[in-house]
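Working notes, structure below.
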Amino acid sequence: MSAATTAPAPAPAPGEPGAGADRHALADLPVVPARHPGRWVATAAVAVLLAMVASSLLTNPQWEWDVVSEYLTWPSVLEGVWATVRLTAVAAVIGFGLGTVLALMRLSRSPLLQSVSWAYSWVFRSVPLILQLLLWYNLAYLYPQLSLGIPFGPEWLTVDTLDVVDKFGAAVLGLGLSQAAYSAEIVRAGILGVDQGQHEAAAALGIPRGRQQWRIVLPQAMRTVVPTSVNEIIGLLKGTSVVYVLAYGELFYTVGVIYGRNQRVVPLLLVAAIWYLLLTTVLTVAQYYLERYYARGALRTLPPTPLQRVRWTVAVAAARVAGRPLPADLPPTFLAGARRGHLTRTDRTDRTAPSTAARTTERTGGNR
Amino acid sequence: MTSVLHAPAAAPAAAPTPATPAAPAGGHLRVRGLSKSYGTLEVLRGVDLEVRPGEVTVILGPSGSGKSTLLRLVNHLERPDHGFAALDGEVIGYARRRAGWGARRREVLRELTERDVLRQRTRIGFVFQNFHLFPHLTALENVVEAPVSAQGRPRAEVEAEARALLARVGLADKADARPRQLSGGQQQRVAIARALAVKPALLLFDEPTSALDPELVGEVLGVIRDLAHDGTTLVVVTHEIGFARDVADTVVFMDDGRVVEKGPAAQVLGSPAHPRTRAFLDKVR
């Protein structure tokens with residue numbers, strides 16, 4: 001067939017296998033990976049740069065790694081870390097709780113609710129966070145006492161403002177309320193992104209309105225809400241360092257106090273940096289699993305978790321080193337990727353493997 | 001009203017193998033003078049329609065003739081400009097009330113709150129052209145959702161019924177699959193099971209097979225055909241003339257927001273009286 005179709009051509013171009021007789025010999029030639037000289041040069045350059053950074057980190061005594069390691073688990077530093085975590089958690093709950101309410105208000109049919117939600121975002125996005133924090137801390141100046149009761153009517157419970165809005169209270173209010181303004185927009189965008197047909201289907205089934213939002217719309221909105229939200233929470237985590245203006249003992253303020261005393265500024269800043277890095281890592285891992293969870297309805301099969309991928313990669317590598325066939329219990333999609341790797345010894349382990357056959361046909365197919 | 005309807009069917013759920021849920025008595029749909037405009041575009045111009053209990057009505061017509069809008073007005077997904085639809089004498093979306101004082105006291109149709117409309121909708125099943133299954137829920141959860149949250153029925157009982165419904169549409173083994181893992185025909189059959197789960201007196205189908213590959217159309221039409229035989233009142237908007245001929249008691253032909261012709265299926269499809277109907281049928285065949 002191949003000979004018949006190529007017959008009218010005067011002659012195969014040099015280097016291009018054309019004659020039908022070569023086909024079988026060709027199928028037996030070993031496959032060698034393509035060369036990428038540019039990639040090698042770039043890799044070498046980056047490796048040298050990395051080595052320079054590593055060597056300076058290790059050899060420059062000014063980093064004072066012994067001081068860093070000493071203070072990394074210092075009791076007051078750990079307390080600061082815990083304070084930062086608490087601030088972030090409470091502010092995130094307030095921020096996203098209130099943010100969701102604001103988003104639903106903005107989407108409601110009442111003009112008053114819409115405008116209040118809009119005005120809230122306008123105000124809290126316009127005023128700098130540091131200014132808001134100081135304002136909340138000085139709430140007692142405006143309202144020395146807070147009371148619970150009927151509006152314009154009797155009051156049942158009265159407390160001193162300073163008892164409720166202490167440093168932690170002011171910090172959480174400032175962070176949470178300003179976060180709500182941003183989260184509202186994120187949640188609103190998520191809800192708007194859900195197909196209109198979903199609202200209609202829920203309405204046509206007679207599902208109550210609150211349940212429609214909670215069970216049908218919000219879980220689908222989460223798919224777009226989660227990535228941006230984790231971004232916001234990471235911002236919030238680092239944003240807690242602004243609370244140092246209230247002299248609240250979170251991580252950044254704590255290391256500041258310590259280096260104020262012992263003058264080891266850089267190592268203590270490093271201590272804080274390492275902790276922020278660790279906390280952000282935890283959030284990033286959480287993000288991965290949250291995204292995976294909310295992808296349930298959107299993907300046919302969920303991607304493997306990093307743990308699964310590591311386990312499978314190790315299994316494949318072990319099989320390669322030992323020259324054994326690839327393990328059979330791996331998912332087919334992953335195996336296909338592993339077989340394509342040029343290090344896989346498919347030719348030695350099992351000659352009749354489907355992948356080899358597929359590659360052969362592919363090659364002959366290219367000759368036609 | 002809904003409770004009366006569901007009381008008898010709820011009893012035998014404790015049986016070891018839940019029988020296929022008994023078909024509820026079909027409702028009597030009456031549509032009077034329904035009109036709807038979007039801006040200056042008149043989509044429906046005073047449509048009258050009567051579907052007796054257990055009857056199957058197929059609505060045919062070119063696109064843009066107002067068929068889908070008619071269905072959406074019947075279950076009040078959209079508000080009509082004039083006219084109303086009533087199921088078993090209960091006007092959908094409105095309540096008859098007396099309002100005003102003294103000489104101006106008169107009978108009015110008071111718009112119902114969304115909450116009351118949602119309650120009315122549990123008597124009307126709706127099957128969409130694009131299925132609109134909830135993608136984050138499994139097939140079973142899709143079917144179970146409305147009876148539990150809208151009708152407040154016990155979950156265990158509803159789940160047993162839902163499995164029976166899925167079996168009835170031939171998807172007993174797909175209960176735990178999510179919509180994205182199903183073919184279009186399977187998704188539409190789950191959507192039909194979901195609509196049946198609230199035991200509606202009336203089922204509305206809005207072009208249920210238009211989004212399907214040709215070879216999947218048959219399985220969905222087969223399920224609808226079965227429903228037609230056991231007494232639910234059905235209104236089906238479709239382009240499947242063959243289905244209309246086999247299953248419909250009445251065929252309604254619509255054009256430009258009006259009912260042009262209606263009558264027994266054999267008559268309208270076999271010897272259409274109106275030239276517009278004839279032209280349409282010639283083109284579709």
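Positions of Cβ are set from backbone N, Cα and C atoms, glycine also.
Computed from a predicted structure; not experimentally measured.
Taken from TrEMBL, the feature compositional bias 'Polar residues' covers A:352-368.
The feature domain 'ABC transmembrane type-1' is assigned by TrEMBL to A:81-287.
Marked as region 'Disordered' by TrEMBL: A:1-20 (among others).
TrEMBL lists A:341-368 (among others) with the feature region 'Disordered'.
Annotated transmembrane segment per TrEMBL: A:40-60 (among others), in sequence order.
Same-chain residues lying 6+ beyond the ends of the transmembrane segment (A:80-105) with a Cβ under 8 Å from its Cβ atoms: 113-114, 116-117, 120-121, 168, 171-173, 175-188, 191, 213, 218, 229, 232-233, 236-237, 240-241, 243, 248-255, 275, 279. Here TrEMBL flags A:80-105 (among others) as transmembrane segment.
The transmembrane segment annotation in TrEMBL covers A:117-137 (among others).
Summarising the annotation, TrEMBL assigns transmembrane segment to A:233-253 (among others).
Taken from TrEMBL, the feature transmembrane segment covers A:265-290 (among others).
Proximity of distant same-chain residues to the transmembrane segment (A:233-253), defined by a Cβ-Cβ separation under 8 Å and at least 6 residues beyond the stretch ends, is recorded for 76-77, 79-81, 83-84, 87-88, 91-92, 95, 129-130, 133-134, 137, 167-168, 170-171, 174-175, 179, 272, 275-276, 279-280, 283-284. Sequence-distant neighbours of the transmembrane segment (A:265-290) (same chain, 6+ residues past either end, Cβ-Cβ under 8 Å): 62-65, 67-68, 71-72, 74, 77, 81, 84-85, 88, 222, 226-227, 230, 233-234, 237-238, 251-252, 255-256, 258-259, 305-306.
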